[in-house]
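To start, the structure itself, in structure tokens.
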Amino acid sequence: MVSDVSEPSDTTPEVVVQQQPQPKTLTHLISGASAGLISAISLQPFDLLKTRLQQQQRSNIKYRTTISKELKKLTHIRDLWRGALPSTLRTSVGAGLYFTILSSARNGISDYKRSSDSVSDTSILPKLSPFENLATGFIVRAVVGIITMPITIVKTRYESNIYNYNSMYEGFENIYLDGNQKGQGSLKNFFKGSFATLARDCPYAGMYVLFYELFKNDILTKVVPPIDETENGPITRSTIINTSAAILAASVSTTITAPFDAIKTRLQLSSIVASKKMTLWSATKDLMREDGGVKNLFRGLSLRFGRKGLSSGISWCIYEELIKSNFAQVIITKSDKKLV
């Protein structure tokens, strides 16, 4: 009877959970920001081309732009990284905040439930119900989206060929004074297209977390066979599962929210100097009136599809691997020692 009691106690989930303490908040911030920075720099060309495809199109068919036409307009390969500075600032800060707040929210819910089955075998992040994943992703994205909206406007205009900003300061100044001849600006200009952006990003983030956890914990763990990690170097089973889940989740979520991305870009590129104040409804009507009709709501989808898939695969994989490793914690410890 003694052996029967002692044997299962060595394999209970509680012991595994105790061996994997939850990372500190600053660890999530550093890991998320690092993942966002790498993703933004490597995938900036996708963002630039997508923005230019979604610019206002002329009715004459010969003026309608394509990816090949936009590539031919570039004089140097570095032009593909125009707007990289505001993009990296937005993505690194946004990703750091998003992962940190999301982790805190998910840990809070997990602690409240006090479930013994709250940890995945491929991740040390908490395991929640589908609705909880959807809700936390949705709400956290709304908070971070509002915080990073001003830099998002600068990024979008930087990437277009409508506004030829030479510096971020010029971009902020131009947006602040947009359409006002008397030199009196408005902070409201930095939140232009906020509703369309949140209508795209919040459902996307909610669905992304939902599908990511679904693919990671319920599908891919049954599909991806165990591998000998000693022979595959840095490539582990969890890396394959996390990356694949991120790409699949991003692909599904991107397709569903594509129309709001096109509307958001049109709103953020509009200027009250050129026309009357554009609204969500007027931007949608303008897009559908142009050659292509409803298809215009999905312009740039292939680029966003590729970028979001790769971005999610890169950022979530790097984030999860950094969280599981002691990389961020080592940085924090070293900085603390220097301060002492």
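Cβ atoms are placed via backbone N, Cα and C, with glycine included.
Quick look at what Swiss-Prot annotates:
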- 23-108: repeat 'Solcar 1' (REPEAT)
- 128-218: repeat 'Solcar 2' (REPEAT)
- 237-325: repeat 'Solcar 3' (REPEAT)
- 29-54: transmembrane segment (TRANSMEM)
- 83-109: transmembrane segment (TRANSMEM)
- 134-159: transmembrane segment (TRANSMEM)
- 193-216: transmembrane segment (TRANSMEM)
- 241-267: transmembrane segment (TRANSMEM)
- 300-318: transmembrane segment (TRANSMEM)
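Taking H, G and I as helix, E and B as strand and the rest as coil, DSSP gives the repeat 'Solcar 2' (128-218) the counts 68 helix, 0 strand, 23 coil. Per-residue pLDDT, averaged across the repeat 'Solcar 3' (237-325), gives 82. Under 8 Å from some Cβ of the transmembrane segment (134-159) lie the Cβ atoms of residues 47-48, 51-52, 82-83, 85-87, 89-90, 93-94, 97-98, 101-102, 105-106, 109, 128, 165, 168, 171-172, 174-175, 189-194, 197-198, 201-210, 265, 268-269, all in the same chain and six or more residues away from its ends.
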